[in-house]
């Protein structure tokens, strides 16, 4: 049991939910009480004076591909020189290069490559991170990626949620045969992953260069049979109706959404599906069509913000910078950006016990060298993190 006193607390219970001169009582890894310190109930718990600093929920990065091997720096140089996607792929670049590097990496090597990325996230105030598979595209490597993700959660003070993304791309050994790939690799791997307790949700990529709506619908039907929630990369490069498809399957989230239309917005709103915005990919790909944030806002669709950390299209490991990008590129408000990396990000992962500072919630907290929560989106550069708590313990 402990008391954190002399705080400015952004509870995220109603907008920022700011409480000046606040205190938080923590017991058993959970928040027992929060409010003005003058009203703190009598307690013998030790008190930590936080010097008037800002406290928010620990941030949640709800969309990452943080487990992979290799880099795509050479491809980055090629693109800057004008190479097309096809030219990059012909030279051995693109997702296939990451798949080959990840397949070649053993579990220990993959873990060693991934931990520094996670450590950088934690230094930015992240307390929960979602990690996808999807760079194996064979049964063995997809499972290895998920096992490494689970291992990260054991080695670091961070809550890890895993998403099975076998339907990320069609690998070279199944080129032109996406249905066979789903039947021979994706669905068998998903069943093993579920049996081993390796997967928290099932994801897919619905796009002309990946999988069709019908193929994703088949995948989601199988996920539901396994009692697993679903989420979807949708409307990133074109509109195939992926967001509406996700909504019909009660998806936790639909992610990217640059080409989302009015029908898709309405479907997300009706289903309560979270729209996950990924400004890092928008920036890195130099896209020009932004997600319809004003329409999402007007429809009451909850909007989350994430890094989409991956080696090809968003080598971004700083959630604070993603918040700034969401504001400057997509015109979110700083309040929306913070909600998008706390309470709405939690919802995108199916979590109901984190993302706010309220009694009964996990005491996953971030203490910042800041006076107002808008500073977290305003800053560009190192995160002003003073301390982080994981389940009520300083880390």
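Positions of Cβ are set from backbone N, Cα and C atoms, glycine also.
Of all Cβ atoms in the shown protein chains, 25 besides its own fall within 10 Å of the Cβ of residue 65 (Fe(3+) binding site). DSSP assigns residue 65 (Fe(3+) binding site) to coil in the three-state reduction, outside any helix or strand. Here Swiss-Prot flags 63, 65, 233, 308 as Fe(3+) binding site.
The Zn(2+) binding site annotation in Swiss-Prot covers 63, 65, 233, 308 and is backed by sequence analysis. Residue 233 (Fe(3+) binding site): 31 other CB atoms within 10 A of its CB, across all protein chains.
All protein chains considered, the CB of residue 135 (4-imidazolone-5-propanoate binding site) has 29 other CB atoms within 10 Å. According to Swiss-Prot, the feature 4-imidazolone-5-propanoate binding site maps to 72, 135, 168, 236, 313, an assignment based on sequence analysis.
The annotation N-formimidoyl-L-glutamate binding site is assigned in Swiss-Prot to 135, 310, 312 on the grounds of sequence analysis.
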Rounded Cα-Cα span from residue 312 (N-formimidoyl-L-glutamate binding site) to residue 135 (4-imidazolone-5-propanoate binding site), Å: 11
Whole-number Å value for how far residue 233 (Fe(3+) binding site) lies from residue 313 (4-imidazolone-5-propanoate binding site) (Cα to Cα): 13
Candidate nearest residue 233 (Fe(3+) binding site) in space, where candidates are the binding-site residues 72, 168, 310, 312 and distance is Cα-Cα: 168
Binding-site residues near residue 312 (N-formimidoyl-L-glutamate binding site) (Cα-Cα within 10 Å), from 63, 72, 168, 236: 72
Neighbour-count leader, CB within 10 A, binding-site residues: 168, 313: 168
Cα separation, residue 308 (Fe(3+) binding site) to residue 236 (4-imidazolone-5-propanoate binding site) (Å, whole number): 12
Cα distance (Å, whole number) from residue 168 (4-imidazolone-5-propanoate binding site) to residue 65 (Fe(3+) binding site): 11
